[in-house]
Amino acid sequence: MMHSDGDGSTSHAQKQNDDVSQAPPTHSSISATKRSTNITRSSETAEFPSQDFDDKLSSTGSVFRRDDFVGGPVTTATIRFPPKHIANALDEEDKTAKHNYLKSLGRIVFARGPWIESHPLALSYNNPGRNNATKSSDEDEIQCMTQALEDKSSYKTLAFGGLAKNRGGTSTFETVSGMIFPSSSPSALSYLNDSSSRVESCHSINRRISVVAFGGRRISFLSGGGLWSNSITNKNGKDTAQDDFVSIPIAKDGSLTSSYLEVSDWIHDVRLLNAELQQGNNQSAFLLAMGMTNNNCEIFGFYSSTQDEQETLQPTRLQCITCDVRCITYSLSFHGWDSTSVLSSDEQLPSLAVASGTVFSEIVVWDAVVNSQEDENDEESLDTLVKRWLANVTAGANIIIKASRIRRTSLHRLKGHLGSIFSVHFSTCGQYIASTSDDRTVRLFHLQPIDESQTEWKLIWTGWGHTARVFDVSFAYPSHALGEESSHPTLVSAGEDSTARIWSPLQTQEVSHPLRGHDCESVWTVDVCDGIIVTGGNDGCVKLWDLDNRMMEDKDIRTFVVPKDPPIQSTHSEEKITTEATTSKPRKKQKKKQKLSGQLICGMELFKCHRLVVATRAGGLFSLDLKRNTWTHHKCWHDNVISLEDKSKLQIDPTTGTCLSVSPSAAKVIVGTTEGWLVVASLDSSCDVASHAFRCPSYRPVQSISWIDDDNVVVFYARGSVIWFRMEYIPLPLHIMTLGTPGIPLSFAYDYKQSFYIGDSRGNLAYFDIGQSERNEITPTSVLKAHAKEHVTAVTVMKSGIIVSVGNDGCMHQSKVANNGQLQRLVSIPVPATTGLKHIWNDAILGGFYGNDYVVMDNINGYEFVRIPTGGRQKRQDFHIGFSNGCSHAMAICTGQKDGSNIIDFHSSHLFDETSTLPVPRHQRITTTYNIGHSYHAETINDVTWVKKCGVKPAYLLSGSNDCSVKLMEFRNGTFASAKELPPHESCVRGVCTSSHPATNTSLLVTCGGKLTMECYLLDHSSADMDASVTALCSYRTTGSKATIDHRMNAVRSVPLPSNENYHFVVSGDSEGNLHVVMVSELPSDRKTTIGEILKGNGRPVLCLELLTYNWFLLAFVGTTGGDIQLWTFSIAKLIGCSEASEDGHRQLGDVLSSTASCEFKAHQSGVNDLSASIIVGESESVVICSVGDDQTVSTCLIHFAESGPESLSCEGIRLSTTQCASASALKAVELILDDSTFHRVYTSGHDETVTLWKLDFARLSLKYVTSVPIGTEGSCLDCCQYNHPDGTIREVVAVGGLGTELLSFNLTTLLAACALIEANSLLITAGAGFSADSGLQTYEQAPLSYREMCDPSKLVEDPLKFQQFWLAFTRSYLKTKPHSGYELLDQWCQGGKLPNLLRQSDGSTPWWVYTSNVDGHFRNTRLASFRESVCEIHGCALEFKCACGIGFANGEPRLGWQKWNEQVQPTDACRETKLVMTDDAISSSLLLCSHCQLLPMRANVLMFHDTDENILRSISVERDRYQAWEATVEKNIETSGKRFVVLELGCGPTVPAVREESEEVVSDCAKIIQSDKSRCVKSGSVSFIRINPKHAEISLSTSEPTRMISIFSKAEAALKEIDRWIDLLI
């Protein structure tokens, strides 16, 4: 270690000048001292525990719990269905119903990083065989099977175990690259496959292994996960289903086991082949082939054995098969070896073919296993090795087989690709090979014969369409084909262009539009199962697509020609008008008018299930029956029109028609005209009904019409008015709403709460409170500029009251009505892959245009439902969508022809039916499963921060990523419940932060990133709806020269400005070393941007910063790429004055900010990636900083300040300590938590994919390693918070960001308990029935009714033998029951010396005692040396029996009613002292008599109801007296010696409260002593009360410090284990 003592020597002074620079005096209000700042440096190397200790900790588990993992790349995904033996058990003759039911039982299984998840495919279904589900007559078995099948739970696990050893920062996690599923089927029609197989009749391992997962060099075997694997045997010897994923242990050397097998190379693919053992052998065995990166194949044999009462897999390496083409492969695929087949001992191995995709643009095809005689040159054939291995397994002999190594010759080398091959797959029958590459192509090879004996693979098709690398491809079969090979195979590919594509190589190339829906560039995996396409991408989501629907997307298009218009019958007045026009206008204008002679459509609308109505400007009214493909000619809409006002006949010019709308009941249609007329025409062609017309004078022309219901219609007028008509006999204008804007009204929403919202053509959203107005004519209450100057095409009101609008700007805008009645802007989010939006359904389903394509998508999950080419968005079109049966849609597009006619193209899904066209109900929940997982960041997360206010639920996590997105995740009950996307940045998001005033219920959210941009939002914690909780405040933009994409803000922090609840102080650091300082107000403002001040730094890019409020100053600690940390100081008084100035007060920031840093020192040899700072409680003049950098070092800095007034602050001294080699690679994040109640914690994470917990020692200013836990992502950032879990515990949760976000947490109350126990000088253990219950014993509530009856000594008199045998039965159970591990832990803490401060007294007395109501005697166990002489059993012990001579006496006097018994009893002192310690041999079925008098029966040494037996009371009293004397000594030590005392209560409930009350009484007595000492200013000790109970751990005692009350809601054994883990880590 190197130290600098600051003695003023020349060399030291020179070193100071290199490390610390003090800012010169400036005109700033902050005075900077001129003298140098002393710095003291020290250095140490991080010390990690030994391997043996690490192994011990790994065996006991981690203190951290993995709560959740969101985001991260989905590397493999598929769908599995019930296996054949389950499908065959369903008794259903209707194959279609059976198939649909089995398909509904499917489960989606995917891997996201190191995690495997299993989710139900369908949320609801109908079981066709529920009444007779199986062929068995056992109703219980039927019910059990049905419940197991209809499992709709989700399961999640780490593929390779979560407790693997990890030391020094090496990650134990591997990303799962593939899975196979022995216990399930890839199709719901697998039961129709009649191929012979003995797998159903043998004791097969595939019934218990649900998933074989592999990734990197690891492979693991899992059962459960809802995948129909059986691993638990019931009392009838039949397997029952298991739900949660369980790792099947794999044997290692000696008796060790592991959750995974690690092999010599990276694994690309695996195949499993069951092996049949001799009859009567209960073991199971299988062979496993693994395809490796170096183009070889490893063959392993596995068999099951029982080890420590647990099934374990025993692996044996049999052979390594290598190909003569030695190369690195990016992909490899097997063909052969079906996990549903069984290899018998006398059979040859089936063949196993390999296709390897190399980095040299070719595919190598070779045979790893051939079904023929092996070459003579082989050292040993695989057949022979397998048979020898099976024989040894059957015989139970030690298996010692030397693995052989053979070489195979490649058969074919397929060329065609121009880059590395990422994926290669065989078709089901092996006749085709599909491959993908980074040359952006998908290629198909076909195995074709050359002659009778030879074949070759030929490239028959190349698919171009992907615009980036293609990562995966899958063969797709229709849902009815069951993998049957077709002469026209279908392929589905996925790549780096965010799409999956469907190909029909030999027919029509790409057969549908690209499948879009992933909010990321890279779609890594694709699979097709039973007609369902499954894709997984970098956004952490799995998407599902219906193959049949997508393939029929462009095929079900019908074209109809609109009928010709009827001839116009002109009236006399019309002829006159025409004549005047002809004579008064020149001929040239007549020719211009003739150009409009073609058929003109004035309105078109889909209605009432497969019907379309069309109105023309020649008066034609036609309806099309889309089922029958027939047109119906209705009466011309302008003929015989009667005015509803005066019943006069009107002459309506049909050329003035502008729009139409069909009533909800489809009985009538309204056509609007430029003259303001609304013509109501009947659609009933069976009767001749006159049309009616009405209008509101002076309102014209009609722009559009919308129905609210059959009785209410809303009419939009082009001159800025909207009229709501009540459709009575004479339509009445209920409300006339005038926008007052230059725009044309286009859309509206009515929330049925007297609120009306209208969007116009200039981007305005107007709010009308029609319930508050008594006038017919209404002006808007508020107008908000929502969509710039673009059309507002649709508006809806969410259930929460949020107004959502969409427009031609491609944005979805959210707003709400504030308390003052004004529209308040929330956020406006651009919708990707759209250039203009047109519709909105169900609050989140959006319809709009991408170019000329009409697209429907789920805006939350990014899933694209429909894409229809329209030929132009200006064409007249109508669209309907429904979700009653999946997603069904219909769209009609009208196109004018050159000859003047019109054709209508009708697009529809094949699921489109009568119910599909019904309007989507408001707020309808879409139950179709098409997305799993939150759409999260697709690239590395750069920063995360918790947003939480004390006492407010829920908490939120704010994160920003390189993909320019910002996410706000709602955190409830230890997991993420929902997500909200904030508006994205133009470039990457580098920093996020939050701050809040204690007195408000809001939080400021700030994000920053590329192009020097900063966005500010306000989060309202009181809002119940997440969408309504976030409001956009302002944006920060730099002035002067325009920032480029290379200019970035890398970090941002904010603090609330004291004494002003409206303002926050925000500081960000950029890539040029500057600081940007902004004052942000929470008050709403019309200004969308704000201006701040720029402070010039040292020129090195800022990587991190931290803000602290320190007395009258704000301190900014800034870390740079040079390894320096700068300190900037700001006067709070000046900043408050600035905020209280005029609205332009922000321009005065330059007058109150320092222009240079106060001081600067070097903390790292390279960049400071992150830092965390905190004020030391109790030392108001000190701040501690922890920082990490690329040099793998954690630096801890303690800064002392000198303050002289509210405007002057100087740095007095700096202590800097560096902990080197703290990680195996660069450290990226650090978080400091100061906690005086436990220990000061420092969390670090980095590229080693590990979170490490350190203990900070202020005295030595050093870090001590506590523990580390591997994570499934790069730890680029982290943050911590604490929350109250519903189970009653307080948990500290760490959010770690990288490629996804992982949540780790631990029980803070158990840490508090561990720290209290480590410090304890005396320990009282109080135990109730709940403590014994953890061993499997019954509590008083669980005991039979006879127990209460036999807890009466009088029953001994009535029937001595029955009474005695009853208690002997309990004694026998106490003897046979092994005390749980908690007893041993307590023994280790006490007698074992594990608690360092729990030392014996000088007189030899123990500093611990046990006070218990349990009579099981487990504390007297011979293995527990601690408690033999220090236990007070207040109810006695059932392991001892005594003479019953005293049950008839009370206090030496005969009891009333016991005369007869007492006359027969002549007790002596010898009888009173007789005691029989029970053992298994001493328990007899005959009556046990006193060994002294041989007359009286023995009774259990247990205090019963109404028991006055002095023989029992005497021993209990002796123990109680000793205990009370010990307690008095403890209280004296607390009072006089300042000792620390802990009461540990275990399993004491309120039903029998004796022990519970004793604990509280002891704690209260000690608290009174401590309080009395404090009043006398005498230093006293402390008392801590730890209550552990799963239901009743609450503590109602009211005490003051330093008495600590710790409630742990848990079973005692589990809590003690967790406390013991902390003790192991801390001592």
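Sequential numbering from 1, following the chain as shown.
Backbone N, Cα and C atoms are what each Cβ position is placed from, and that goes for glycine too.
Whatever TrEMBL says is automated annotation, not expert-curated.
According to TrEMBL, the protein has these features:
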type     : residues                           : note
ACT_SITE : HIS1435                            : active site, proton acceptor
BINDING  : CYS1443, CYS1445, CYS1566, CYS1577 : Zn(2+) binding site
COMPBIAS : 7-45                               : compositional bias 'Polar residues'
DOMAIN   : 1301-1627                          : domain 'Deacetylase sirtuin-type'
REGION   : 1-55                               : region 'Disordered'
REGION   : 562-592                            : region 'Disordered'
REPEAT   : 414-455                            : repeat 'WD'
REPEAT   : 533-555                            : repeat 'WD'
Secondary structure of the repeat 'WD' (414-455) by DSSP, residue by residue, totals 0 helix, 24 strand, 18 coil
Neighbouring CB atoms within 10 angstroms of the CB of HIS1435 (active site, proton acceptor), all protein chains considered, total 19
Close in space but at least six residues away in sequence, with Cβ under 8 Å from that of CYS1566 (Zn(2+) binding site), the same-chain residues are VAL1530, GLU1531, ILE1534, PHE1541, VAL1583, THR1603
CYS1443 (Zn(2+) binding site) has its Cβ surrounded, within 10 angstroms, by a count of other Cβ atoms equal to 28
The correct DSSP tally for the repeat 'WD' (533-555) reads 5 helix, 10 strand, 8 coil
Rounded to a whole number of Å, the separation of the Cα atoms of CYS1445 (Zn(2+) binding site) and the residue listed as 'active site, proton acceptor' comes to 19
Mean pLDDT across the domain 'Deacetylase sirtuin-type' (1301-1627) comes out at 87
HIS1435 (active site, proton acceptor) to CYS1443 (Zn(2+) binding site), Cα to Cα, whole Å, comes out at 17
